[in-house]
Structure formats: C-alpha cells, structure tokens
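Novice: Below is a structure I'd like to ask you about.
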Amino acid sequence: MPPSGLRLLPLLLPLPWLLVLTPGRPAAGLSTCKTIDMELVKRKRIEAIRGQILSKLRLASPPSQGEVPPGPLPEAVLALYNSTRDRVAGESADPEPEPEADYYAKEVTRVLMVDRNNAIYEKTKDISHSIYMFFNTSDIREAVPEPPLLSRAELRLQRLKSSVEQHVELYQKYSNNSWRYLGNRLLTPTDTPEWLSFDVTGVVRQWLNQGDGIQGFRFSAHCSCDSKDNKLHVEINGISPKRRGDLGTIHDMNRPFLLLMATPLERAQHLHSSRHRRALDTNYCFSSTEKNCCVRQLYIDFRKDLGWKWIHEPKGYHANFCLGPCPYIWSLDTQYSKVLALYNQHNPGASASPCCVPQALEPLPIVYYVGRKPKVEQLSNMIVRSCKCS
C-alpha cells in the first residue's frame, strides 16, 4: 500500500508513451466513433429523412389521406413538377453550400406569360428579329409576397425542332422602351423540341421591388455587323401560330413561363435557428472496417420504408449516406494530446477523430396534397452526392 497522499503516476503514462513509440501511424484506436452495422445505419438514415421531410414542410405529422382526389395529377401540376425535376437534374452535382434560409422547402410556382391575345403585343406582331414575352407582376407577387423570399427564378421557353444554328440574345424591358442586355446563347440544330432556361432571379426580384405592372423580356437574333439577315429563325412554343384542338391546348400550356422557387411566408419566420438543421443532417458519426469514406447507396420507397401515401411524386428516391473510416496521423511533430483532452472536455459526445460526413447534397422535388390541393415543393439537401472526412 502506498503512503497516504501519494499516487501511482505510471498509471497515467501509457497513452502518451504509445504516441511516442508509434510515430506516424494512424491512431484508429483513439476514435470515439462507434462501429455500427449496416442495417442499423440504414434504419437511422431512414428515420432521419422522415424527420427532415416533415420539418422542411413545417408539418408536425403526415397529412391526412382522406380528402385526396383519386386519379392522376392535373396536367399543369405534373408539368410544373417535371420542369422542377429537369432543372435539378441539369444542375451541378457539386453545388456551393446553401445558406441557412435554404433549409426549408421551397414552394415552386409556374407563372405563364400574358396571353398573346392581349393588346400589349400589338406593336410587336410585325417584328421579325425578336419575340416578346410579357408578365403581370401581380401574378408573380401572388407566389412571392416579398422579394427576399425569392430563392430562384427562371425564364423557360420550349424551342421547337429546327435545322438552323443561330446566336440569340435575351433582354429585359426597361422604362422608356429601352432594353437591358441579359445574356446570349448559341442554339444548334435539334430534331426534337427542347427547353431553354435562363436565370432571371435578379430581374424578378427587381420587378417585385418596383410594384405591380406589366414587365417583359425580348428574345432576339444576334445582330452581326457582317450579316444582313437579322431574322429570328427560332420558333418558340406558345408564340408561333397556334394549333387547333388538343394540339392547341398543349401548345398553350407549354408557352413561355417563369419558374419561381420561394420560401413560403409562414416558414420564413423560422429561419433564425440553424441547430435543428444540423441535428437532422449530421447527427450520426460512422466508422467501420470498410475501406475509404465514400457514398453508400440507399433507395427509400415512401410507401414501403416510411408508410407514406401522401407524396405522389416521386414514389421514392436515392437518399444515400456516407460511411467509411477517416484515420489521421499522430507523430512527434503533431502532439495533439492536450488539444484532444480539451476538445473532449468541451464536446463530450463528439468524435475525437474525423468522421465521414456529406459534402455535396442535392434537392428533391416532390408533389403532395394539402387537403384537395396539390402542391409542388423542392426539399433542399436530401440527396447525398459526395462525402468527406471532417
């Protein structure tokens, strides 16, 4: 028995001595990440997604299915969903980190251009070098009550098939019949109709700040000093001569429109808190014997995995998750024992070693019903595309 007041110091030495005796080797044994079997990982990911979707839609529980109309979705709603899905598919798989305001779901709205029979188009009918598209800002304001709520606005035009290559330009209508240049594009020959998309977020935000009225865009042939042919050879659905019967309906439905994504006013009041977002998105710290931190595939079927019938499109999606070890190096040049002790003191539930976490995430467009009204919304950060050690 040691005398009273004395301690056996050797008991405190093994960890530092191990670090000194094994310089340059991974300290995998020091990780506080727990080994979790794959099925448990998947179950936790599914439950996290259940909470994410309800939270992003500001729903305390899944909507009732009792009043949902039977049959397929209305054509206009399906067209809006398809437009949103196509836009997401066309974006980069490695987006910039989204600001906190992008946590909540965005309501997606389609605002059609003013009908071609409106008198505002009278002065533009005989112009061959341009086509004109006008929008009523009161329609836009219905979807976006306040300019800061607007997340993104796109002008979408359906170009009909063409055998001609042409350089085109887009302009924004200013006061006193002046036009502001926005951008250009080279259109190559195509055998099928194709959608053209232009980012006009800043323009629409400007319109919302100016008040109600009629605003518009001009889509023109590039004017070259070397060419005498300034005629626009591009046909746009909804602007070229109207078809009859069913073709006329499709023609009208596909006329140019603004695709608006905005945070609903009631959700904007909850943007001050970011803790809830982090708790849902990065609550788990994984480590296993698998090689490398990387994306693991996980498909979620809304009916089978979540027991939900209220999401009409899509039926499911590849949510994916991150898994794999993240070793780091301990050596004589990197004495982290004091820092590690301090870190553990202030973060008792956190991992002492790097963990495999999502790096790039993509949004998920959905169609669901509120009562008997179908809604199209875009849920941010729902699909894991790449992972990193952090």
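Glycine residues also receive a Cβ, built from the backbone N, Cα and C atoms like all the rest.
Got these off Swiss-Prot a minute ago, pasting:
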type	residues	note
DISULFID	CYS285-CYS294	disulfide bond
DISULFID	CYS293-CYS356	disulfide bond
DISULFID	CYS322-CYS387	disulfide bond
DISULFID	CYS326-CYS389	disulfide bond
CARBOHYD	ASN82	N-linked glycosylation site
CARBOHYD	ASN136	N-linked glycosylation site
CARBOHYD	ASN176	N-linked glycosylation site
REGION	30-74	region 'Straightjacket domain'
REGION	75-271	region 'Arm domain'
REGION	226-252	region 'Bowtie tail'
SIGNAL	1-29	signal peptide
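Relative to the rest of the structure, where do these features sit?
Specialist: Around the Cβ of CYS294 (disulfide bond), the same chain contributes CYS322, LEU323, GLY324, CYS356, CYS387, each under 8 angstroms and 6 or more positions distant in sequence.
The secondary structure of CYS356 (disulfide bond), as reduced to three states from DSSP, is extended strand. Within 10 Å of the C-beta of CYS356 (disulfide bond) we count 27 further C-beta atoms, all protein chains included.
Following the DSSP three-state reduction, the secondary structure of CYS322 (disulfide bond) is strand.
DSSP assigns CYS389 (disulfide bond) to a strand segment in the three-state reduction. If you draw a 10 Å sphere around the CB of CYS389 (disulfide bond), it holds 17 other CB atoms from the protein chains shown.
Under the three-state DSSP scheme, ASN82 (N-linked glycosylation site) falls in the helix class.
In three-state terms derived from DSSP, ASN136 (N-linked glycosylation site) belongs to an extended strand segment.
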Novice: Using only C-alpha positions, which one of ASN82, CYS293, CYS326, CYS389 is spatially nearest ASN136 (N-linked glycosylation site)? These are the recorded positions in the record.
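Specialist: Ranked by Cα distance from ASN136 (N-linked glycosylation site), first place goes to ASN82.
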Novice: Looking only at CYS293, CYS322, the disulfide-bonded residues on record, which one has the least crowded Cβ, with the fewest other Cβ atoms within 10 Å?
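Specialist: Across CYS293, CYS322, these disulfide-bonded residues, the one with fewest Cβ atoms within 10 Å is CYS293.
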Novice: Filter the recorded positions ASN82, CYS326, CYS389 down to the ones within 10 angstroms of CYS293 (disulfide bond), Cα to Cα, kept in sequence order.
Specialist: CYS326, CYS389
Novice: List the Cα distance (Å, whole number) between CYS326 (disulfide bond) and ASN82 (N-linked glycosylation site).
Specialist: 39
Novice: Within the region 'Arm domain' (75-271), what mean pLDDT does the predicted structure show?
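Specialist: Taking every residue of the region 'Arm domain' (75-271) together, the mean pLDDT is 81.
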Novice: Among ASN82, ASN136, all listed as glycosylation sites, which has the most CB atoms within 10 Å of its CB?
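Specialist: Result for the most crowded candidate: ASN136.
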